[in-house]
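As written in TrEMBL, here are the features:
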{"type": "TRANSMEM", "residues": "18-39", "note": "transmembrane segment"}
{"type": "TRANSMEM", "residues": "51-68", "note": "transmembrane segment"}
{"type": "TRANSMEM", "residues": "80-102", "note": "transmembrane segment"}
{"type": "TRANSMEM", "residues": "114-135", "note": "transmembrane segment"}
{"type": "TRANSMEM", "residues": "141-163", "note": "transmembrane segment"}
{"type": "TRANSMEM", "residues": "296-316", "note": "transmembrane segment"}
{"type": "TRANSMEM", "residues": "336-355", "note": "transmembrane segment"}
{"type": "TRANSMEM", "residues": "367-384", "note": "transmembrane segment"}
{"type": "TRANSMEM", "residues": "390-411", "note": "transmembrane segment"}
{"type": "TRANSMEM", "residues": "423-445", "note": "transmembrane segment"}
{"type": "TRANSMEM", "residues": "460-479", "note": "transmembrane segment"}
């Protein structure tokens, strides 16, 4: 398969995954906003901050949550112990579907992945809303049962799909699949009679170490909240809601692009070879795609940062009412808007880096991540003591900045001896930068005079000002970033017949 064909497939998967993500996430966004009207900050903090960590450690350290950590007031958060056990059980159920997820991811079954995960989340939100309305006294039972239901539906979606696929006549044509029946995905004794394939076990251990370090880097603030009690349950709840709301765009837009184009880079580039020793057509295509993705990530991140600052309080008021729009909520979301910019750039740079690194470079990178994980936890604690929950976002920005620097250095070294310069994607025209600055200033002034205590007519006027500035900014980007527009038109805008597998 040529690099252009792989690029077209990756682009189609990214665009289709993006569309499906937006459709399903809009539904869950509305359902979650409805549910928040009936919950206290304390129960949100326990469910979204403490208990998910119990899921991650359910097989090893589940007893810690019941024996060593502070137990919430049973009158505020009832049925805590049973809820933790049910969350742990849901983790076991979800692990049963992991082989199916890996198979779908490796062979670009993107639509299956998006539909299965989105359908599970929607049904979980519907069940949660029903239980919150009709059985509010169940407390943590509501969220633990909904999580178990989510895991069950998710695994069933994968099992049913692959059972039908592998049992159909069409499966004989899918020669690329490494399995021919469902039982091939279950544990089995190797041909040599050994219970464990040590080569695969070592590879699994390497992946586990990297995943553990990434878990610390992405969820480290939850560990600090849980074990060091730097925030009360109410503040933890507000932080987690803002965190989920702020990362919504990252999950909707950036994640499908990162996942699809990681597969593209991994298929086009050879890990153990220098760029000058590979097929130059593939290297050139990869460089052009990386440059365009960096430009796209930078523009999307800047747009969210600039316009998110003036509309954070309004968004929180609409989403969760006074519980979110008063207090630390708006400051948290404004800080998170800048963090989204770093998330966007890091996602693109790391998807290329991990696809092009050799095994030795990955191992060295793991050591860097180990040091970064330790410093991140310490910095999270110190900054939170100094400036409250905003300290977690500042620590995340520091962490993301270091990771971006590492990836940029690798990309620079990778293309140093070639004529390609993909990092040029991080440069914007002065005219476009001026438009961003002007738009940010106008919307900030608009917020002062029109939002958010002046009633809905003033709010709508504030939204209209933002829409005008956003339109002017996007128009300027369309006129100045012609290379990116050409990439989007040719790779994402041209309709093609989608492969049945996806």
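Cβ from N, Cα, C; glycine included.
Through the fold, the transmembrane segment (336-355) approaches residues 242-243, 246-247, 249-250, 254-255, 257-259, 261-262, 265-266, 269, 271, 286, 290, 293-294, 296-298, 300-302, 304-305, 308-309, 312, 362, 365, 393, 396-397, 400-401, 403-404, 406-408, 410-411, 426 of its own chain, all at least 6 residues removed from its boundaries and within a Cβ separation under 8 Å. Using a Cβ-Cβ cut-off under 8 Å and counting only residues 6 or more beyond its ends in the same chain, the transmembrane segment (460-479) has close neighbours at 299, 303, 306-307, 310-311, 314, 431-432, 435-436, 438-439, 442-443, 446-447, 450-451, 485. Within its own chain, the transmembrane segment (423-445) is flanked in space by residues 290-295, 298-299, 302-303, 306-307, 309-311, 345, 408, 411-412, 415, 462, 465-466, 469-470, 472-473, 476-477, 480-481, which lie at least six positions past its ends and keep a Cβ under 8 Å from the stretch.
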